[in-house]
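**Student:** Would you mind keeping the following structure in view while I ask a few things?
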Amino acid sequence: MYVNTKDILEKASKEYYAVPAFNINNMEFFHAILDGALEKRAPLIIETSEGAIKYAGNGDILKGARYFVELVRLFADSVDIPIALHLDHGKHFEYIIAAIKAGYSSVMIDASEEPFEENMKKTKEIVKIAHAAGVSVEAELGQLAGVEDNVSAEESVLVDPQQAKIFVEETGVDFLAPAIGTSHGAFKFKGDAKLDFERLKTVKELTKRPLVLHGASSVLPEYVKLAEEYGADLGGAKGVPEEELKKCVELGINKVNTDTDLRIAFIAGLRKYLKENPKEFDPRHYLGAGKKLVKEVVMNRLEFLGAAGKA
Ligand SMILES: O=C(COP(=O)(O)O)N(O)CCCCO
Ligand code: NA
Ligand SMILES: [Zn+2]
């Protein structure tokens, strides 16, 4: 069934597990993710960036938003696991309103690059509109470094836990993404992963809200290796080790944004299939090879984050 993201996350927050939020840009990734969640009997959060909406709508924002709502609801309404659709990194009013109008479960207002007061002001405005439409809201405090889609920042600025308390109380935001050292994309760290667990623990204590980890892909070595075996150039790729993610869940992370891991799995499956099947040109077959590995990654992530069996 199609649900509000807040319902999925409040339960996860109470029981200290996490639900991955998987990004999609097209139908194939959605089907692979859905199959994985059904097999694992897990709640499912599907999310789309503004770029994905523009892509699916062939440039038309409202069409793109409606495309994803239709696609997700078509399947969500006929399965017995809870499924939510979330606008990821809503930076532009036009996309946030289009998502609300189209029927998204929740929207992120990402004003994290603005000064604190400005972030608070914009978030308050979106919370008022979204809540009036029964839509839940995510916001981000502090900044991730790294680049992916149109989301980039030079330096990562870690969240200030005291500010986080004021922020959630003033804005009424439903779930918060505190920056604790991760970054988007496949090249997250120069050396070892450095997440500020103490800071995360304090944010949870002070806000008592479901928390979101951005830039949470693990960049799994076996999929990087497979993609490189068939011609990909991902040298230096490094993600958040799964045991570090588990620690984040123990400290109160409940939504784990995952995009890069699915992209690497897909390209590995696609490259391998194309190399091994030079005569093949049916998109259902070669895209199917990518889908298969995406489903594997999805099932593994649902399992170790504790979402499996929680539907
Ligand atoms: O935080 C994340 C996931 O990050 P990643 O999967 O790269 O670790 N996202 O918000 C996904 C999309 C980023 C912009 O397109
Ligand atoms: Na988000
Ligand atoms: Zn993100």
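Yeah, the Cβs are placed from backbone N, Cα and C, and that goes for glycine too.
TrEMBL labels come from automatic prediction, so no person has curated them.
Note that the structure is a prediction, hence the values are computed from the model and not measured.
Residues or ranges marked as active site, proton donor by TrEMBL: D88. Residues annotated as Zn(2+) 1 binding site in TrEMBL: H89, H184, H214. TrEMBL lists D110, E140 with the feature Zn(2+) 2 binding site. The feature dihydroxyacetone phosphate binding site is assigned by TrEMBL to G185, G215, A216, S217, N257, T258, D259, T260.
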**Student:** Across the record's dihydroxyacetone phosphate-binding residues G185, G215, A216, S217, N257, T258, D259, T260, the largest CA-CA distance in angstrom?
**Tutor:** 11
**Student:** Please determine which of the recorded positions listed here (D88, E140) has the lowest count of neighbouring CB atoms within 10 Å.
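**Tutor:** Per-residue Cβ counts within 10 Å for the recorded positions D88, E140 bottom out at E140.
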**Student:** May I ask which of the binding-site residues D110, E140, G185 have a CB within less than 6 Å of any atom of ligand 1, listed in sequence order?
**Tutor:** G185
**Student:** How many Å lie between the Cα of T260 (dihydroxyacetone phosphate binding site) and the Cα of H184 (Zn(2+) 1 binding site)?
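**Tutor:** T260 (dihydroxyacetone phosphate binding site) and H184 (Zn(2+) 1 binding site) have their Cα atoms 8 Å apart.
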**Student:** Tell me which recorded positions (D88, H214, T260) have a Cβ under 6 A from ligand 2; sequence order is fine.
**Tutor:** D88
**Student:** Starting from the Cα of D110 (Zn(2+) 2 binding site), work out which of the binding-site residues (H184, H214, G215, S217, D259) are within 10 Å.
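**Tutor:** None, since no candidate lies within 10 Å.
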**Student:** With respect to ligand 3, which members of the binding-site residues E140, G185, H214, A216 satisfy a Cβ distance under 6 angstroms to one of its atoms?
**Tutor:** H214
**Student:** With the cut-off set at 10 Å between Cβ atoms, which of these binding-site residues ends up with the most neighbours? Options: G185, G215.
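**Tutor:** Neighbour-count leader: G215.
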**Student:** Tell me the Cα distance separating G215 (dihydroxyacetone phosphate binding site) from D88 (active site, proton donor), rounded to the nearest angstrom.
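**Tutor:** Rounded to the nearest whole number, the Cα-Cα distance is 12 Å.
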**Student:** Within 10 Å of H89 (Zn(2+) 1 binding site), Cα to Cα, which of the binding-site residues E140, G185, G215, N257, T258, D259 are there?
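**Tutor:** For H89 (Zn(2+) 1 binding site), the binding-site residues whose Cα atoms are within 10 Å come to E140.
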**Student:** Distance between N257 (dihydroxyacetone phosphate binding site) and E140 (Zn(2+) 2 binding site) at the Cα atoms, whole Å?
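**Tutor:** Rounded to the nearest whole number, the Cα-Cα distance is 13 Å.
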**Student:** Determine, to the nearest whole angstrom, how far the Cα atom of H214 (Zn(2+) 1 binding site) is from the Cα atom of G185 (dihydroxyacetone phosphate binding site).
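**Tutor:** Distance between the two Cα atoms comes out at 10 Å.
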**Student:** What number of additional C-beta atoms lies within 10 angstroms of the C-beta atom of S217 (dihydroxyacetone phosphate binding site)?
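**Tutor:** Here the count is 29.
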**Student:** How many whole Å apart are the CA atoms of E140 (Zn(2+) 2 binding site) and D259 (dihydroxyacetone phosphate binding site)?
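**Tutor:** Counting only the Cα atoms, the answer is 17 Å.
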